[in-house]
Amino acid sequence: MCSSSSSVRGLQVFSGAGNSPCCLELLHKRTTTTIRGRRSRVVVLRRSQTTPAVQCSQQEQQFLQSVDSLPAAQWLEETEAGITKRDHLDHYSQQKLVVEKRWREFFSDPSQWWDNRPARVVKKNARFPDFQHKKTLHPLWLNCKHNPRWVQVKLAALAPESVQLSIDAWNAKLGRYVKSGQCEQAIELFQQMERECMTPSTFTFVTVLKACAKLGLLQEGKRIHTQILQKGCESDIFVSTSLVGMYTKCGSLEDARKVFDRMSSHDVVSWTAMISGHVKHGQAQKALELYHQMEEEEAVTPNSVSFVGVLNACADLLAIDEGRRVHEQIIHTGCESNVYVGCSLINMYAKCGSIADAQRVFDGIPARNLVSWNAMIMAYVKCGQDQQALKLYQQMQREGMQPDAFTFVGVLNACAGIMALKEGRCVHEQIIQSGCESNLFVGCSLVDMYAKCRSLEEAQRVFNRMPRHNVVSWNAMILGHVKSQQAQQALELYKRMQSEGVQPDSVTFVGVLNACASVMGLEEGRLAHKQIIQSNCESNVFVVSSLVDMYAKCGSLEDAQKVFNRMPRHNVGSWNAMILGHVKCGQGQEALELYQKMQGEEGVQPDPVTFVGVLNACASILALEDGRRVHEQIIQNGYESNVFVGNALIDMYAKCRSLDDAWKVFNMMTTPDMFAWSAMILGHVKSGQGHKALELYRQMQRVGVEPALLGGYAMHGQATEALIHFEEMCNEGVAMDRVAFIALLSACSHGGLVCEGLLYFESMGNEKGGVNIQSGPCLKEVNN
């Protein structure tokens, strides 16, 4: 056999001379061997022009001519169909041919392909294709080993806008924005998708609804809901659950309920969204009902998020029995080790006043982290056990746990609660060392702590160092000045706050109204009332109660009554403001009528402040029998040991000439203070028992209580009573000391008795051999 060679389409073909029957088979075999040996990088569909032709049989000649005459496109199509695989090429070469064909299709019309390149979108993983055909979904990768060399050159010359981003690419970019908290950009990207006529998928709707929920964009959420309805996507459980979550977080519980009721089935996520939404917007009772409905009707097993929501509902309702039942379920489902569930349990028990249960939950956490420590510290603060909170903070540090901003906020609140200025300063030093002083919440807590500890200078320094001020920091400064009896400065701070563009909230208005009441600033109070209406805060029960209190203390009972009548519901604070306002204005009978209406018509339970006001009303009109009935209610409510209520009872009985009843209350007091002694002395003076009053006065001195009856009158502006008592004491031969004279001058100052004040001032100089320097300010007040 003689041999010759020929290059058919870049492959060496050997054949014997003559018409050998095995020539064609040999050609096939040799072709396959050559390709598998990878001697040629690509299959070139052209006959070599440099190699002489071979002598072949007629069958061989026909085969070679048929292959040589095929157009390139047809050859590639037949390759994909399996012809080449069956007869000529192996799998590797097939892939190269298929890839080259798809790249040629891509460059012939790029608009038919989606662009998912990393430069334009964050790819999920390496398998995610860089380009994908819109109809056939054929993929292409930039780093594919089968790519021809010319692909990168042609891609570099391709205009970016000629290839459209796929919906997966849009969704990936949208999800990245929402996950990183860039929700505004996510909304803008969704709107750009709409402008480019992209058809959103269910994932698109779910993601953009999350962005609306985080930003509270109810109207945008409703517009997207309309699109969802038009495209028939609301039946998708993920979309409908996202709609429920969006509506609840935006405060539209009615719309959330409508979507929820239309759902064919509910999962734990949709139930949890409804429960958490109602808790967030103050409907804790409805949240509990939904939780029971979830358990009974659909037997859905709650998850850790569900437990957090229902525990918060129990905390808001102070429903400790319900909370304990939920706790048992948490143990049964194995969620007790979840740090957020544990913290919610601690918070629930603390709000319900069971700090022992909260401590047990805390002790049972296997691996306590900073979140659980913070929860326990705040639990002690909420229960008023500020000293215990500080001890826990020290224990946390001993165990090597480093505090964060939330820890410092809780500890500063504990320092403020017990006015622990020294400990607060130590915590401040730690805050500076940890670099947390610039934190807005920490800064506000520092200002609040210093203000409540009456260190307004330090509060001002921290306030001035803050990089920016929010309404919380302004509120801390305003309330601090109000509590420090610096109401005028508080009003000036309020004006400055507004000039800096910070909008007041309900807490601000409460502080400002208290300042107006302190300085009898009726006009400033009316101006604040207008701002309250403009800010839509008039429905806030604390703001309205403060309005009633301000008008009443300023003597404008008519305005107080108007505000009171407009309130949708009244709490004990608003009732107290009205009762005390009528007492102050000398309308004791009207105050008693309000007290009866408060209990009879609205069923509001009185508190110690209520009883003090009502007892003062009884004392002012000498209503002894009414006072005795009130005393019975005080005993029933367990307030008889309250020092303020006890003093008011003694004062009421003494003024009503029932000294025996006054003595009974007085003797039951553990340690009577100066007001209790003063009320007893005054009662005996008014009953004509001067000798008994003198005896009580001397007894008061022996037990170490300052003779401060005159000071008590001075504090309450009862100048006439102070003068009467002074005369009685002088007639009884009581030696008047410096404190008594200063108190007398203070009473004259507050009562406007200028002549009487100057007269007694002269007597002080004549009888005492000169005026003590401390009486100078009182004399100045009298002259003013």
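We number each residue from 1, going along the chain as drawn.
Here the Cβ of each residue, glycine as well, is placed from N, Cα and C on the backbone.
Per TrEMBL, the features are as follows:
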- 166-200: repeat 'PPR' (REPEAT)
- 201-235: repeat 'PPR' (REPEAT)
- 236-266: repeat 'PPR' (REPEAT)
- 267-301: repeat 'PPR' (REPEAT)
- 369-403: repeat 'PPR' (REPEAT)
- 470-504: repeat 'PPR' (REPEAT)
- 540-574: repeat 'PPR' (REPEAT)
- 673-707: repeat 'PPR' (REPEAT)
State the residues, same chain only, that lie 6 or more residues beyond the ends of the repeat 'PPR' (369-403) and have a CB under 8 A from a CB inside it; answer 'none' if no residue qualifies. 339-340, 342-343, 346-347, 349-351, 353, 355, 358-359, 362, 410-411, 413-415, 417-418, 420, 423, 430, 434
Looking only at the repeat 'PPR' (369-403), how are its residues distributed among DSSP helix, strand and coil? 26 helix, 0 strand, 9 coil
Under the DSSP assignment, what numbers of helix, strand and coil residues are found in the repeat 'PPR' (540-574)? 26 helix, 0 strand, 9 coil
Averaged pLDDT score, the repeat 'PPR' (267-301): 88
When secondary structure is assigned with DSSP, how many helix, strand and coil residues does the repeat 'PPR' (166-200) contain? 26 helix, 0 strand, 9 coil
Based on DSSP, tally up the residues of the repeat 'PPR' (470-504) by helix, strand and coil. 26 helix, 0 strand, 9 coil
